[in-house]
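Down below is the structure, laid out as structure tokens.
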Amino acid sequence: MVMAILTRQSRRKHLRVYNPPQQAAEVRYTPSATNSSAVPPVAVPPKPTADTILGKQYEDVRSVYSFGKELGRGQFGVTYLCTEIASGRQYACKSISKRKLVSKADREDIRREIQIMQHLSGQPNIVEFRGAYEDKSNVHVVMELCAGGELFDRIIAKGHYTERAAATICRAVVNVVNICHFMGVMHRDLKPENFLLATMEENAMLKATDFGLSVFIEEGKMYRDIVGSAYYVAPEVLRRSYGKEIDVWSAGVILYILLSGVPPFWAEIEKGIFDAILHEEIDFESQPWPSISESAKDLVRKMLTRDPKKRLTSAQVLQHQWLREGGEASDKPIDSAVLSRMKQFRAMNKLKKMALKVIASNLNEEEIKGLKQMFMNMDTDNSGTITYEELKAGLAKLGSKLSEAEVKQLMEAADVDGNGSIDYVEFITATMHRHKLERDEHLFKAFQYFDKDNSGFITRDELESALIEHEMGDTSTIREIISEVDTDNDGRINYEEFCAMMRGGMQQPMRLK
């Protein structure tokens, strides 16, 4: 009942932000018919611009902020560094193209995200919302600039790591969950990429930055649309009947990765990941788990309990003896190889996607018949790329009943280079059956692509050069992956090692000995 009240109150509260701003109203003077003096002025409030998303008049965000460099690019828009003209303070501005918000659901998603950001703003570990603006072409969301970078990047750069450090990070993540749930919000997409550090300082605060899939909790409602990211999704999401408990599961997956460097459930394809989430036992046997404290493992188990009714609540997690400030988390360094595994986990998918893309670009017409026509049918403007809108429309024509969120996830998975559209090779890579892509002749062509000098080996320089050319990873990360693939330790990757990397799972080559 408390949640329902909070939700209703928060919705009423949010709607105020979209009222017409308190600016000078138009003043109309009506001359008197019998008197030369004017009657008192009648204020006529400005009318909201027709067909707005935010329900208020258009405003020029550039009259308040000056825009600088691009910080990132996503499916619906671009994030820029911006500076408040009056104060000189720097913020981030996400500019969302209205042209890409083609459906009523798209527009409602943006409204809801802004409402939730404003509702949660000012709370610890949550990015501060500054304001929302709308003009003819875009919706602009101005928020706190988190200049400290991604969570995992900071951990890896630091080079040493303890259970206590993992507990501090996990406490911040679970605190976000606790705040969201207390304030009537379910996040639905907790993952490390959605957390940034506020500054470059050593003890910078961790901030949750993305609420695009979040919803206001409706008491008694069971949610059914599949949302989230594969490694972090809770089993009840896959069963299409879930509530806010899913956020604790996702936080538990993050904790498992913080302690071991890899996710608890993995596979080469999404279906395999989902099967593991539903049925497999959590691995506490392989390294580094024997050296991790029993208290830490106890918390992971209780956060990753498959029955949501038996899973700890966010408030209970914060009270766990391992997680509490000054609690049982050890200050003894965790094996440094965990950092290496964490780095590989972040980059391995990019490496394999790159190789698969090379293979897809070399498939012959016979192997891709049907897929080429499907691509052309979806590419309605003949641009050579498929936009989100075209993908959604094309899937609908094929009889797909995927939700908006599921189509967005398909788009993100297929869009390897992250430019917001799917090119022909990306489409083939995503739709071709994996066993065809992994046939010997295709793997050999991919091997030859990297083996520029036809020496029969891929050197570190060759693979680094190819991956940097396609902006798929940084040099240090690539070196570590090559070291893992190079099982005979001769400093090069031969064809057998390359095939093993492509066909094998992520977990086995990344296990600590």
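Yeah, the Cβs are placed from backbone N, Cα and C, and that goes for glycine too.
Marked as domain 'Protein kinase' by Swiss-Prot on the basis of sequence analysis: 65-323.
According to Swiss-Prot, the ATP binding site annotation covers L71, G72, R73, G74, Q75, F76, G77, V78, T79, K94. DSSP assigns T79 (ATP binding site) to a strand in the three-state reduction. A C-beta separation below 8 Å, combined with a sequence spacing of at least six in one chain, links T79 (ATP binding site) to E70, L71, G72, R73, A92, C93, K94, S95.
Here Swiss-Prot flags D189 as active site, proton acceptor, drawing on sequence analysis. All protein chains shown were included, and the count of other CB atoms within 10 Å of the CB of D189 (active site, proton acceptor) stands at 22.
The region 'Autoinhibitory domain' annotation in Swiss-Prot covers 329-359 and is backed by similarity to another entry.
Positions annotated as domain 'EF-hand 1' by Swiss-Prot, on the basis of sequence analysis: 366-401.
Feature annotation from Swiss-Prot assigns Ca(2+) 1 binding site to D379, D381, S383, T385, E390; the stated evidence is sequence analysis. With a cut-off of 8 Å between CB atoms and residues at least 6 apart in sequence, the same chain places D379, S421, I422, D423, Y424 near T385 (Ca(2+) 1 binding site), listed in sequence order.
For 402-437, the entry in Swiss-Prot reads domain 'EF-hand 2', with the evidence type sequence analysis.
If you look up Swiss-Prot, you'll see D415, D417, N419, S421, E426 marked as Ca(2+) 2 binding site, on the strength of sequence analysis. Its Cβ placed at the centre, S421 (Ca(2+) 2 binding site) has 19 other Cβ atoms within 10 Å.
Positions annotated as domain 'EF-hand 3' by Swiss-Prot, on the basis of sequence analysis: 438-473.
The Ca(2+) 3 binding site annotation in Swiss-Prot covers D451, D453, S455, E462. Using a 10 Å radius centred on the Cβ of E462 (Ca(2+) 3 binding site) and all shown protein chains, the other Cβ atoms total 19.
What Swiss-Prot records for 478-508 is domain 'EF-hand 4'.
Using a 10 Å Cβ-Cβ cutoff, R492 (Ca(2+) 4 binding site) registers 18 neighbours. Feature annotation from Swiss-Prot assigns Ca(2+) 4 binding site to D486, D488, D490, R492, E497; the stated evidence is sequence analysis.
Mean pLDDT of the predicted structure over the domain 'EF-hand 2' (402-437): 71. Cα to Cα, D488 (Ca(2+) 4 binding site) and D189 (active site, proton acceptor) are separated by 40 Å. Apart from D451, D453, S455, E462, the Ca(2+) 3 site neighbourhood in this chain, defined by C-beta within 8 angstroms of the site C-beta centre, holds F450, K452, N454, G456, F457, I458, T459.
Taking the Cα atom of each, Q75 (ATP binding site) and N419 (Ca(2+) 2 binding site) are about 7 angstrom apart.
Taken through DSSP, the domain 'EF-hand 3' (438-473) splits into 21 helix, 2 strand, 13 coil. In the three-state DSSP classification, T385 (Ca(2+) 1 binding site) falls within a strand.
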